[in-house]
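Quick look at what TrEMBL lists:
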TRANSMEM  B:12-38  transmembrane segment
DOMAIN    B:88-278  domain 'ABC transmembrane type-1'
TRANSMEM  B:91-113  transmembrane segment
TRANSMEM  B:120-146  transmembrane segment
TRANSMEM  B:152-174  transmembrane segment
TRANSMEM  B:204-225  transmembrane segment
TRANSMEM  B:259-280  transmembrane segment
Amino acid sequence: MRHGTFLAFVAPSLIAMIALIVFPVISVVVQSFHAQHEQVIEIVESCGPFGCSETTAVNQEATQALREAEPLGRFVGWDNYVNRGHLAFAEMAEAWSSSETWGEWWSKVMNLPFYGAIVFTLTFTFIVTPLTIALGFAIAVAVNSATRAIRGPLIFISLLPFIINPIVGSLVLFWMVDARGILGQAIQWLASDPDLSVKASTPMMWIMLMVYGVWHSAPFAFVVFYAGLQTVNQDTNEAAMIDGANRWQRVRYVTIPHIMPLVTFVALIQLMDNFRVFEPLISFSAEAHAQSLSTYILSDLTGETVLFNSAAATSMLTVVCVGILLSPVLVRTWRDFKRA
Amino acid sequence: MSHAPTHRRLPGYLQALLTTFLVVWLIMAAVPFLWTLWGSFKVEGDFFSKADWTNALTGELTITETGGAFTGQGYYGAWVQEEFWRAVMNSAIVCFFVVTISLTCSTLAGYALSRSTYNYAFWFLIAALIFRAMPPITLVSGYLLPFFEWNLWGHLSTTIIVLVAINQPFSLWMMTSFFRNIPKDLDESAMVDGCNRIQAFRHVILPVMWPGVITTGLFSFLLAYNDFAVTALLLEKDNQTMIPKIASFLGTTQTKGNVMFAVAAVISATAPLFVLILFFQRQIVSGLTAGAVKG
């Protein structure tokens, strides 16, 4: 295809992506290096019966005018990245030198909002992804062993948790584990503690969020693996059987190698999706117990004072993390492309 | 696939294990929705029953409070009192335009990407993959300040365009992989016969591309319908779509003690998706696996 024709065909898509993905990223980068103008401080001389004294006061009007004239604020370099809300170098150094045990140091680190968010996000990503793959594979095997006639309805029901909106899906679950909900009461009964509440306990909240994560994405893994199981080469399978391979060996040496590329694919998509975990934390009103990178940005953008610059710095750090997470895939895709 | 099923018969204990597991999974997948659907016709005291969980099934309090075992109070409160219908209308508008515009863009681009052999086509797709991986909320933090300054914030049209752009990377990958499955010879022979590229696309590719377009359209719809990050932050209170509206119910109704509005709204927002899976299950499954099978 000629260059000109190619450009004509991709133009609408390209323009949309440049205007609303590339430019916002640039806007985020610029914002992350700026901070709102400080308040305009004036020295006011006030004279009373006992002589004059100089006091400092905030000139609200001038501050307002300056902030409106230059909404971007002033250039502050890397300040936004190293302040307490983000990488917090000073606090980290302090925590390191003042802590005597690892536990003490860890609890100090977890109190820093950015580190708390990244620890939760990474924990969520790396626990939910393998569990999703395992559960998805198990469902695929189970559905595959069912009678052909009922597989359609089985797939229909299995798809529900995945297709339903994440806010809605997590709300439905949240209502059930509420202290007055059916699952919440079941948990209280099992633990024989009538005051146990998921909302009040950090570990319970983390577990619930991860249970939701697995429940929500397992259907995706299931559908992909199920499609893979349909195309396992039956000749190879039969040949292995004739060679005396038992059931387990056939699964190990025929089915698993066939499924492996799909596992990589599901893992990649799941890593990307779990890393941006967002909606369940909102539905579960989890902010007191768990904060992900996405909800941390949201809380900066919707707080009493909107902190654009802080949100921008977090966004940049998040994008960098996504880049690191994706780098093995990108390198591999590039190699495949060169080979082809 | 017509292999003899006898080869695949599992030993009894294994089959029993798998069946048990399958039943447990189906309960996990379906019961939360059925439970909420049933509960949406009860009063709050039954849906969240501290006294006895069976009340949620029998509706003790619902009978004493309203006289019947089922009540439409939650739905009335959500749709009429809190004007959920407005959110439904807004969602319909957003979804319609996002799907139409997004499909037009990605069909054209996907076709070009599948037919180009130059390096830049590859880089285009890689860039799209990176964009796909970025959390939408990071982009939203880039939109807000310029949108406030240029007075673009709070309009449905802005949100539609933003959702189209966020939708592009995924749709591009999907359409490209569909077009790669349509043999190149088809349009190339048309061009040998004297068509130019646009004519070849119009007369030869257009008639055979609909399965791919429908599948991609479904996923664009799901993205627009389910979006929370963009619609919650870029729309004003009075032109909110369904999902941010439901989220805002949680803030207001919890204090009013009427969480049932949210429950009814949740069921109302879920029903269309339920119908969607019912009719398009095959396309959804093929869409989910499309990326996997072709890499």
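The backbone N, Cα and C atoms fix where each Cβ goes, glycine too.
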Using a Cβ-Cβ cut-off of under 8 Å, list the residues of the same chain that are 6+ residues beyond the ends of the transmembrane segment (B:12-38) and lie near it. 56-57, 263, 266-267, 270
Give residue numbers and ranges for long-range contacts of the transmembrane segment (B:152-174): same chain, 6 or more residues beyond its ends, CB-CB under 8 A. 90, 93-94, 97-98, 101-103, 105-106, 109-110, 113, 124-125, 128-129, 131-132, 136, 139, 143-144, 146, 212, 215-216, 219-220, 223-224, 227, 230-231, 234-236, 239, 241, 287, 290-291
Surrounding residues of the transmembrane segment (B:91-113) on its own chain - C-beta under 8 Å, 6+ positions past either end: 121, 124-125, 156, 159-161, 163-164, 167-168, 171-172, 174-176, 178-179, 201, 205, 209, 213, 216-217, 220-221, 223-225, 231, 241-243
